[in-house]
């Protein structure tokens, strides 16, 4: 495409042949005047080539970004290593667990990369590797694995797994099969089912994979790839050793031509083409003379060549095709074989003709040799039993069949049946009325699709509603019982279902009472446990108890009577622990009314681990792309989040002077641990408690001066604002302004347009599915705020008879603020703005977007309880990967087995953790990466590398107290420094310094609280006066779920070192999965939460400032 265009006038039109097809087409479109100016022509063509190259590079970049985000990073790696093009059929086989609609977006982008690779574009995608994840990009296929040492993706299945164990190293004297590297595996590795499935694809797309024991090939074998058995003639050595071009290497044209010539010697005659020149000699001889070009009718009927009409003298198919023959009988089986299905539909799809000129290597497509070498050939007597005479076969068609149309039902029956068994393939719709195989016997794999038994194929995709009327004469259902044992089978299946139901009720009894007991866990108060003494103090400390909460007063009332933001703390009698106000909002009635109640098959987003959520986001992006590309008219290669941004903001804005309005949600998470400021939560609570009956809430405007005063109150006192006696319309307008002033829309800049497209183009039947996928792709803080707002608006709609605010009315009022519609963007040029609004009325695009936003928000308000569930389809498609992403919480007995020491117990494991903490402190915590923090704290992290994407965080601070007092504050007085601390109890005391401890942390309403069950131990007799507290999650039978979600503490260690003058240095190392958050959220916010925690512990020791003048002592 980028051939040089002559610029000399003498060249004229003689250089037309040197142009690319695009250049020739452009040249022919020009008039004669333009053609007479070669210099002008050359400039036009050069500019066209440059623009085309830039467009192709952008498409390639978008495709690679999408591949990584959707769970296909291995293909992006191969493209960046200049190892494209690749075979699309092999990619489909690697992802055979995906639906056809989900594979199409992947194939579309791989075809784009194949096209870009054929154009020889420069591949210089320097992807900056950030610290957002401990692992490389996630791959959804279990046939690929990531090598941490080489930082590369490679195939799990190697090619040698296709061969029997005795043939993997080759026969004596033959050349053994060479090892394949990770870069070659995508082009040369095929598992056994993949080789078979290349030749068997159904028209419907859902059954595109054949069974492992079935390979529908009767055509002569053509070699399009290197042979893998030493008993076969070997291709030239340089073909085997030239799978790809190395990166940045440009092979010469002569080398490419010679390579193609060698490929031609290996390629047989295809179904639609022949070799040029019949007198060619020196080619690779595979077998004796054989029919290469069969009539189309022979291929369609799967006919078998019988020399001289004698079936007995005909050689087995393997021998006819030049494969080594074996003397095994049909009753013997190779160890590598799998049992074949008893039913198989005839393979009528003829073999495709694939081009051999593939850059960088070859794929083992159409290679039936692999299936044949691993199989024994049957004897002559079994061949006689295998094939019946063609005269004994009768093909039936329905009586109402119209000539020229495809029949709705076909039957191939034998006039002399020797079988008595019946079989039904429910997956393919094929009914076999054939013989029963002898146990241990099976048909050869190459002929598995040619069963000569009675067969009926019913096609449910043929137009017509009288299928059974058409096949009634064929099957005669009233006379013959086709399925004599079907009732017994169904009865047996129903019995198994009852057994499974009984078992599930015994294992999960809470599922029976889920509807009646919803909301009760987490609300029950703890019984007062016995007083627990610390061995280093000898006196009792405050007993475990439940802090005062809204639960003790009112559970179901919508009108909470608690004074906003003020709660009493129980005084422990210690000077620094005097009564402190708790400013964290506890909104239990809102939390209860919208507590998630998903079905057992549809888990909630808030219960997913970080690894599970990352996996679900890959499948959500894949499903959302498939839906949008099917319905939308936008770009087919990438979405708004995939477009490369050439202009980046160099300086991160500073939000120190802002507290509530105009601050990103993630900054609120870093400051307070919750994405919504406390004052905004209090505003929603005030509206929900006192103002839901106000007519036209969010529709009627408030007074600007009072709204401005409310904004100032929020900025000055973001933790506590009293909204009593405030106008409902003023507070509602202030809430709308909060969302309007966010730096980006609530639906984010990346996905706002996608949400609008869903309600513009996607059909109503698929909108919920598309919105669920898009919500999974939202940032965690945006998704949590969206859920809180939608649940609140749903409460407003429930009183529509009083406030007259329907879902559509609310959506019309709030959609512009949530989507940032009709707002002039800063990056828009003044000329564009002036042209757009010169007419004084919005254009049609703006009207469509406003309508889609209103309809979408109204739909989300009504479906707020279902939007945040994980679709069952995503969990089913992820297969074992979803289960493996769950964090296994060990029991006390399992902790000892994690150490290599014999006879190790959980005490040994805990002592091992304490010794490791002391060693790191002695080495000054080497290998940790420091990052910025606030409030005079030190923050650092370290990647673990155990397969979990979460990092290990470390926060340090100096405390004005000795180590023993600090340990007691962390161990027994958490309610003094953690405002989210709701409930706690000691489940079991193992010894004086070890216990099973359970506690609950509150979350922003209506999100569920987090329940923790940890094994913890503490030491006070360490060298240099140090104290430690180590804890981790364990499974305990007596620890019932008290909160909404059971969180997992993978590691939590407190190290308290004396600093002199009664001071200590507190270091907290933790790694916790709170559930419901993605790895990106932990990277952006969790470290700041750890730093804020140690700062609160430090601040709990600071004495209260007494009022009055300072006195001298």
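In case you wondered, yes, glycine gets a Cβ from its N, Cα and C as well.
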Stated Swiss-Prot location of region 'Disordered', expressed as one of 107-146, 267-306, 307-346, 347-386: 307-346
Segment confidence, the domain 'Rho-GAP' (663-868), expressed as mean pLDDT: 89
Assigned element (helix, strand, coil) containing residue 699 (site 'Arginine finger'), judged by DSSP: coil
CB contacts for residue 699 (site 'Arginine finger') [other CB atoms within 10 A, all chains]: 17
DSSP-derived helix, strand and coil totals, residue by residue, for the domain 'SAM' (55-122): 49 helix, 0 strand, 19 coil
